[in-house]
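**Q** One structure, as structure tokens, below. Some questions next.
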Amino acid sequence: MKLLALTAFAAVVAAHGDHEHDQTPIEGPLNGLWYNSLPGDGGTQADSVFSGISTFGRLQYHPCLASDKYQYDIAFIGAPFDTGTSYRPGARFGPSGIRQGSRRLNLYGGYNVPLDANPFNSWAKVIDCGDIPVTSYDNAFALQQIEEGHNAILSRAPFTNAAAPGPSKKGKTLPRVITLGGDHTITLPLLRSINREYGPVSVIHFDSHLDTWKPKVFGGAPSHQASINHGTYFFHASQEGLLANDSNIHAGIRTTLSGPSDYENDGYCGFEIVEAREIDTIGTEGIIKKIRERVGTTKPVYLSIDIDTLDPAFAPATGTPETGGWSTRELRTIVRGLEGVNLIAADIVEVAPAYDTNAELTTMAAADVLYEVMTLMVKRGPLSVKEYEKKETMELKA
């Protein structure tokens with residue numbers, strides 16, 4: 001009798017919902033109690049974000065490394081590695097922490113008001129591929145795992161425009177990959193993977209630290225493997241020819257140095273520097289202008305974001321915190337200012353949830369910054385030559 005009563009009640013609720021909103025409810029047992037069709041774009045139900053398995057922004061999960069048949073346009077992948085850090089360990093828990101901090105991104109449907117786009121509801125198929133299996137006992141092998149895992153995700157045909165010509169070495173259109181770190185050492189194997197498909201790329205690097213230090217300055221380099229860490233990976237990337245010459249830029253720098261020669265070495269690695277304190281004189285617009293002038297809008301660009309770009313007041317849970325950083329609002333504004341830049345891949349690193357507050361400030365900040373990055377990628381369109389040309393022609397006419 002109770003079941004009959006519930007069924008009758010469900011029918012009344014469903015009928016009332018159809019009458020008011022003229023939408024078809026999602027099919028399911030007792031759908032009037034468990035699922036409702038609500039007003040709003042896409043009929044998204046804005047509740048229960050605290051339930052279910054954590055994926056980035058509650059995206060569909062697929063273990064992409066288990067099968068090379070699955071296609072997507074943008075994939076999130078975790079790289080839980082932190083044995084290249086020099087101060088606080090714990091970023092191996094970054095991928096799971098960032099996913100936890102992203103649960104509310106799709107609360108009302110995911111529409112990005114400042115960028116006037118919805119990255120969760122667009123032409124792009126966006127999924128969470130889970131994590132790359134990474135050992136914590138052998139750094140050399142771990143970096144190889146990250147490179148090969150990332151390349152397996154990056155090098156397959158995308159869901160959209162798979163047959164269209166693209167800017168990769170083989171002339172193909174590829175998907176975009178956003179990596180959840182992990183300490184910043186992971187950017188070296190990620191750039192190696194990118195290089196295999198695109199060749200040398202320009203890099204936008206948000207960080208409080210240069211990360212181009214020579215190994216003898218940073219850590220002393222008692223062995224080759226010890227010389228590769230989260231303060232030297234860009235030095236190695238430069239030596240390996242992974243960076244496009246004179247089109248790379250740091251933003252948010254404010255650390256102490258071993259001396260002025262650190263800046264000289266940074267220039268040899270092909271970087272320009274925007275200091276964090278410059279926001280007080282040129283503002284966010286001036287910083288955006290510097291970045292855009294440096295990397296342009298046509299050539300492939302890799303975006304690497306260290307969460308310590310933010311001041312510890314906004315992101316305390318990081319491996320090497322530095323005071324005097326930007327606010328979450330300022331960083332999101334600057335990232336949004338990169339609209340039109342040809343971002344082919346990105347990472348966010350150094351999120352160490354163990355040092356966060358119970359309010360999950362850092363993991364939410366990391367997730368929100370990636371939400372902006374994902375929106376930029378969606379607005380740019382598929383990574384195909386045809387789409388580039390169309391976009392550039394429209395911009396010239398405007």
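From the backbone N, Cα and C atoms, a Cβ is placed for every residue, glycine too.
Below are the features listed in TrEMBL for this protein:
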BINDING   HIS184, ASP207, HIS209, ASP211, ASP306, ASP308  Mn(2+) binding site
SIGNAL    1-15  signal peptide
**Q** Only counting partners 6 or more residues apart, tell me which same-chain residues put their Cβ under 8 Å from the Cβ of ASP308 (Mn(2+) binding site).
**A** ASP207, SER208, HIS209, ALA315, THR318, GLY319, THR320, PRO321, GLU322, GLY325, GLU350
**Q** Test of understanding: give the count of other CB atoms lying within 10 angstroms of the CB of HIS209 (Mn(2+) binding site).
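**A** That number is 25.
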**Q** For Mn(2+), what surrounds HIS184, ASP207, HIS209, ASP211, ASP306, ASP308 with a Cβ no more than 8 Å from their Cβ centroid?
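**A** Those within range, site residues removed, are HIS205, SER208, HIS230, THR309, THR320, VAL349, GLU350.
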**Q** Report the same-chain neighbours of ASP211 (Mn(2+) binding site): residues 6+ apart in sequence with Cβ closer than 8 Å to its Cβ, ordered by sequence.
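**A** For ASP211 (Mn(2+) binding site), the qualifying residues are HIS184, HIS205, HIS230, GLY231, THR232, TYR233, PHE234, ASP306.
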**Q** Within 10 Å of the Cβ of ASP207 (Mn(2+) binding site), how many other Cβ atoms can be counted across all chains shown?
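**A** Cβ-Cβ neighbours of ASP207 (Mn(2+) binding site) within 10 Å number 27.
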**Q** With every protein chain in view, what's the tally of Cβ atoms within 10 Å of the Cβ of ASP306 (Mn(2+) binding site), excluding that atom itself?
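**A** Neighbour count, Cβ to Cβ under the 10 Å cut-off: 27.
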